[in-house]
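Enquirer: Pulled these from Swiss-Prot:
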- 1-104: region 'N-domain' (REGION)
- 34, 86, 158, 160: Mg(2+) 1 binding site (BINDING)
- 47, 70, 158, 231, 233: DNA binding site (BINDING)
- 122-253: region 'I-domain' (REGION)
- 179, 181, 233: Mg(2+) 2 binding site (BINDING)
- 336-344: region 'Interaction with PCNA' (REGION)
- 346-380: region 'Disordered' (REGION)
């Protein structure tokens, strides 16, 4: 779900923190990608006659086609992607997960009604609401990435939190996701639309966290409290407090505790047993991969393995998969040239509270840590 209305709030109150770029602007960048969000996008977008792609055995293949071709597109643009998969959800998320089950049940009813009435537009709409990323989808995508030579990480908990940890450790430039809570977890740079379909022609939106805090005149903890007021996955919100009122209250009182002391509980009741402190703790100190010990490697594709998996097992066209392998190999030859700016700073590792550039010594130190074996690293 992410954070309700946060992107618009940032656009209204900190527009200079958002930049728009084409994909070619990220040549030479290492980017951590929220894998579950990508797979969900592929299951919705990669369709034929309104249905997910399937092979002759009735197995869904939309996620594999999307992952294969969108990853190749990034590699051809000189990007080094690392996919981060969700681990176990935090206990606080159980309420949100229950709501999702209820919404799915409602969508199933509406889909049945639309099918009975022959309403194709509603059939498409409610079919997409029933899309769910399964463990099998995840495992098949991990296998595909390994065969493509692209690294992936299994996060201990929320993928966006571990993406942010990789950014803060200087291992990657940015977190790529459509969920804005990557910023709440403290990623210094967040990218939206990186994995969107080329046909949509959406520019990539780049959000800079330090500039957001600066322009909104908030600390990181105040920003987290703002996100909780807007609505997150971990707890409810105060009734009748919209985005504009939320930011005004945070600026006026500085914290949720002070806001609760100063608003009328009859007009604006807080949820019973409101777990906002626990939600704040999850954002401030999430369970994440150890970013400093992760060793990311991008390898040559295993062409024979890809043909066996994608063609023999999943029934993709052999010509297309071999052509994709050639593109991956060619992209590796072109991506050996680095970005000029990476010779001077470790991009993406600057704290949101710091404005001065890092010293050359710290950059060398960061470069040395990349040789340390990573506990969660799965690229092969």
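Glycine is treated like the rest: Cβ placed from N, Cα and C.
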Enquirer: So among 34, 70, 160, all listed as binding-site residues, which is physically nearest to residue 181 (Mg(2+) 2 binding site)? Use the C-alpha atoms.
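Expert: Closest by Cα: 160.
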Enquirer: Pop the Cα-Cα gap between residue 231 (DNA binding site) and residue 34 (Mg(2+) 1 binding site) into the table, whole Å please.
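Expert: Just about 20 Å between their Cα atoms.
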Enquirer: Taking the region 'I-domain' (122-253) alone, what is its mean pLDDT?
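Expert: Over the region 'I-domain' (122-253), the predicted model scores a mean pLDDT of 92.
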Enquirer: Which one is closest to residue 158 (Mg(2+) 1 binding site) in space, judged by CA to CA distance, out of the binding-site residues 70, 231, 233?
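Expert: Result: the closest of the binding-site residues to residue 158 (Mg(2+) 1 binding site) is 233.
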Enquirer: Work out how many Å separate residue 231 (DNA binding site) and residue 179 (Mg(2+) 2 binding site) at their Cα atoms, rounded off.
Expert: 12
Enquirer: Quick check on the region 'I-domain' (122-253): DSSP residue counts for helix, strand, coil, in that order please.
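Expert: Helix, strand and coil residues of the region 'I-domain' (122-253) number 69 helix, 15 strand, 48 coil.
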Enquirer: Which of the three DSSP states, helix, strand or coil, fits residue 86 (Mg(2+) 1 binding site)?
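Expert: SS state of residue 86 (Mg(2+) 1 binding site) = coil.
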Enquirer: List the same-chain residues at least 6 positions away in sequence whose Cβ sits under 8 Å from the Cβ of residue 70 (DNA binding site), in sequence order, or say none.
Expert: 38, 42, 195
Enquirer: So which one is it: of the binding-site residues 34, 86, which has the fewest other Cβ atoms within 10 Å?
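Expert: Fewest other Cβ atoms within 10 Å, among the binding-site residues 34, 86, is found for 86.
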Enquirer: Could you tell me the C-alpha distance between residue 179 (Mg(2+) 2 binding site) and residue 160 (Mg(2+) 1 binding site) in angstrom, no decimals?
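Expert: Answer for this pair: 8 Å between alpha carbons.
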Enquirer: Using C-alpha atoms only, work out the spacing between residue 160 (Mg(2+) 1 binding site) and residue 233 (DNA binding site) and round it to an integer in Å.
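Expert: That comes out at 13 Å between the alpha carbons.
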Enquirer: Provide the number of Cβ atoms within 10 Å of the Cβ of residue 160 (Mg(2+) 1 binding site), excluding the reference atom itself.
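Expert: The answer is 29.
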Enquirer: Counting every protein chain present, what is the number of Cβ atoms, excluding its own, within 10 Å of the Cβ of residue 181 (Mg(2+) 2 binding site)?
Expert: 23
Enquirer: Taking the Cα atoms as reference points, how far is residue 233 (DNA binding site) from residue 86 (Mg(2+) 1 binding site) in Å?
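Expert: Answer for this pair: 14 Å between alpha carbons.
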